[in-house]
């Protein structure tokens, strides 16, 4: 049993003109100075002009994800962004092709190496049921982080040895004392805000506080005639000027920067509106009579075309607009940070340090004078693949690795949401950031830094967040021309009202309102904020969405095809019952000797229970020497029912003997396709072998009836019927025999997961029709379908991997939009063929790579959660875009018609962005 899902590989990006058809590298940039969708469009356009570059820019993350199909340097990318008028810094570079010495100075690293492990078989027609194995090889194309030197991985079952473990001497010899494989001190960047220098939120808050303090009296005096004392207008001007200069400075500088590069952005509109209102007010105050001592202003929410007399002052408009926009930007900043909290908290789960074992020249642990291992406490960043470290109870596992010594239960809930701790022991994999709940473990690091499961999950989520849904590209095209169009409309509004005979003051007010109310920010935030929150929430729920384009597929899906083994079922054999000539006894009523009889014994012959227990003990002792899936299931069941007073489990004895309960097996033999046999005897003197009359040893056979018949075992009609009935129901069965007689039939089945029936109901509630697809026989398929509530007409059994593709393709030809859920190598082609592929995270890398959604938990309910969350995220995106378009379509004409005071326009514009982000934040509660 493993303690974590298979690490999730990152998705491939369209290669363009890459070497050997693959991207050359992927680069993440932190972008500073972007404020709206127009900024995004400009940066994206500049980056995509660079030969061999495909870039997507994300406003909430203030970042860009760049795929290089040529050897483009970091300086080239930074220069392209700076030419657009923004700042940039490379946060991560992942080289995707082998590099030569000439480029080594720019692209460091080498691909990780992986090793496989052997497997064994067992004689049974259904032997392969519930088990899938494959040797996984790495692509010839490496994927290394720029800040790493190399990433290597030891085989999962290797023990401490000088050949596979880095010794202290190896580390000491490395130049500069560094390692060949280094874990960076942080996970993938979730935001580019680090490039902006000081905390932008703190700067905005400081400006907002000062602006608010100064703006309140400006508005009060300007809007309430009773407060307008002699010379009030000069006091208002003195209070407003710091607001419209220092308070609005971020808008002015951003607008100037854009203008210097021949561009216009949201800040251009804001700056022009504030400056125009201020200059008008200064002109009126100094040159047009508004500064006279007796001047009074009457408040008005809707400007009048018949404005006469001394020109009115608009200091309060400029100050209020600035304050509203600062408040909106600050609220937007906080909301965007909250939107990324899920991913940030996920990436911060990892341990900060580790207790590393100091190794000697021969690769064995150094010991002190007291015989204890010598350890050292080091930062996780200093761990290298091959290092051995100790995980004590209550500590987090420092990085992905394989257990060398010790047994414990590992809590994976922080990473996968799975509430039940997973038991691990020697040879089992553990994932970094999970919590060791019980005993101490000795672990060898197999993946470090950006190759760990946690880092790969973070990278996958980040890539999904930086992608663009098809609907967002329409918004981007509109945003690219939005600001110039608004500027033209503002000039047209001014000219139109003047030509229509309206007063200069009214025409000016309407034009300023147009400038201020227009808001491309909402367009730019509509999709990425929803993606940011939705994918982050998905990561918390164990659902990884590979890209925004997947969301549309989840909306259209109407059929879901479920692979049986490992998806609907546990994917591993388990003993269901023992049938003897005295009767059938389920496993749960086989308590160990000396314990109270389980419920149900009263309805069964005591003889049947005793015979079943005796047969299971004999079979378990033999099967404990085999590695076959059926053998492991029988041995595990025998261990659980063994008397605690005997040995407490299985204990090695001699060269090949194993003790289960009171029985020891040795002289093991295997007949491929038939069964296994071994000599069984009591492990302790004075114990009897049951009905054997005190025999010291007997040869026990476990296997198929035909093989047992050839071995001289007499058949039993009742057991023959039980064997046939078990196979007809879809179960696997083996016969136990000794002394020339068949003693019992062991019935095994790949049990349905406890949550699968509920998952199927949830999928139906989403409007999906479930199909069950399996390579198993009709009996096993029908039994599993009945257990979870799938109609027999929707069951397809005895299909080979290529036939699974045919089934999915047939359903698509019938007009269905098909989702496929699977976990094995034999599901990969079907996952890729389906309209939507969902891979269980407990499956293989091949299946996960072929899927669109990865379910970190091995729980089929996650499939329903994934589709439900994806649909809800898409719905929020659509709501955001509708609001963003509707707001601008309605607000700009109202402002141009002179029906909005510029103060109201500023408040509405600031609120529009906050509403979009707030609507997206509702996804934080999605489930």
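Even glycines carry a Cβ here, placed using N, Cα and C.
Residues or ranges marked as compositional bias 'Low complexity' in TrEMBL: 1-15, 114-131. As annotated by TrEMBL, domain 'HMA' applies to 25-89. Residues or ranges marked as region 'Disordered' by TrEMBL: 1-20, 92-198. Residues or ranges marked as transmembrane segment in TrEMBL: 210-228, 234-256, 268-287, 313-331, 478-500, 506-533, 880-897, 903-921.
Long-range Cβ contacts of the transmembrane segment (880-897) within its own chain (Cβ-Cβ under 8 Å, at least 6 residues beyond either end) map to 471-472, 475, 486, 489, 492-493, 510, 513-514, 516-520, 522-523, 525-527, 529-530, 905, 908-909, 912, 915-916, 919-920. Take the transmembrane segment (478-500) and the stretches 210-228, 234-256, 506-533: counting Cβ pairs under 8 Å, 506-533 has the most. Counting residues 6+ beyond its ends, the transmembrane segment (903-921) has Cβ neighbours under 8 Å at 273, 301, 316-317, 320-321, 324-325, 327-329, 331-332, 335-336, 338-339, 513, 516-519, 521-522, 525-526, 529-530, 532-534, 876, 879-880, 883-884, 887, 891, 895 in the same chain.
When DSSP labels each residue, the domain 'HMA' (25-89) comes out as 23 helix, 23 strand, 19 coil, counted as helix, strand and coil in that order.
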